[in-house]
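Novice: My questions all concern the structure below.
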Ligand code: DGL
């Protein structure tokens, strides 16, 4: 079981920002990645729809013999992780959530901005996170429709993307925000572009590395850490395998075989 793979999924390529962190921290682990590109964006879908997709993904990874599951998607986590943990109580399941706690600890101006999908920002789980960790700071939330779709085409710095992103970041900076939470796994790929728009003393925080460490902890507790060097990552997409294959190298993955996911 130690050498069994780990299932990782997202609505698209965003979860590759998390996959990269897992590969860095746990180079022995064999990884399976599903990009649900045929159903992107999750951020504009109903929680019921996303819960159904989470259940399909879990079923697929169980069939593949996965020893653990990573929801490399904030939107899928807020909608679906509770049901998955109820349905698979003995399976290590790692979800993501916007980094409100570390941002609240880091801010000096007392103003934190959150860039995330509409679905994440509207969820009860996000509201609970604010109640728990952000009582003493001001949090400005900013949904970012359109960013995910551009990133999915491999666009990380076009003029169109820059204008869209500028429009989302400007209101945060105007309110003296010094810490910006990247609350969607697609957004870490925009860090270079974002850095060119904000002052050096504004921090960008995401949770990919924390998720990789949490996965490591859960596997270690169960004596499930792989001991032998891993195989290449296996990729599936419910969208067009050819276009995913093309984008992979832009997002830190070596081009590999991408299979059709038609569940
Ligand atoms: N990458 C996803 C997240 O972390 C969502 C993207 C989408 O809207 O599909 O929230």
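Heads up, the Cβ atoms here are built off N, Cα and C, so glycines get one too.
The active site, proton donor/acceptor annotation in TrEMBL covers 73, 184. Per TrEMBL, the feature substrate binding site maps to 10, 11, 42, 43, 74, 75, 185, 186.
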Novice: Measure the Cβ-based neighbour count of residue 43 (substrate binding site), defined as the other Cβ atoms within 10 Å of its Cβ.
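Specialist: The answer is 24 other Cβ atoms.
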Novice: Which value in Å gives the longest Cα to Cα span across the substrate site residues 10, 11, 42, 43, 74, 75, 185, 186 as recorded?
Specialist: 12
Novice: What residues, ordered by sequence, lie under 8 A Cβ-to-Cβ from residue 73 (active site, proton donor/acceptor) and sit at least six positions away in the same chain?
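Specialist: Residues satisfying the criterion: 9, 10, 11, 14, 15, 42, 96, 184, 185.
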Novice: For residue 186 (substrate binding site), list the number of other Cβ atoms lying within 10 Å of its Cβ atom.
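Specialist: Excluding its own Cβ, residue 186 (substrate binding site) sees 29 Cβ atoms within 10 Å.
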Novice: At a 10 Å cut-off from the C-beta of residue 75 (substrate binding site), count the other C-beta atoms across all protein chains.
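Specialist: I count 30 other Cβ atoms within 10 Å of it.
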Novice: Which residues, sitting 6 or more apart from residue 74 (substrate binding site) on the same chain, put a CB under 8 Å from its CB?
Specialist: 96, 97, 98, 116, 117, 120, 183, 184, 185
Novice: Would you list the other residues of this chain near substrate - those whose C-beta lies within 8 angstroms of the C-beta centroid of 10, 11, 42, 43, 74, 75, 185, 186 - in sequence order?
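Specialist: Neighbours within 8 Å of the Cβ centroid, excluding 10, 11, 42, 43, 74, 75, 185, 186: 12, 14, 15, 41, 73, 76, 117, 120, 148, 184.
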Novice: Provide the three-state secondary structure of residue 43 (substrate binding site) computed with DSSP.
Specialist: helix
Novice: Need the DSSP three-state call for residue 74 (substrate binding site) to compare against my parser.
Specialist: helix
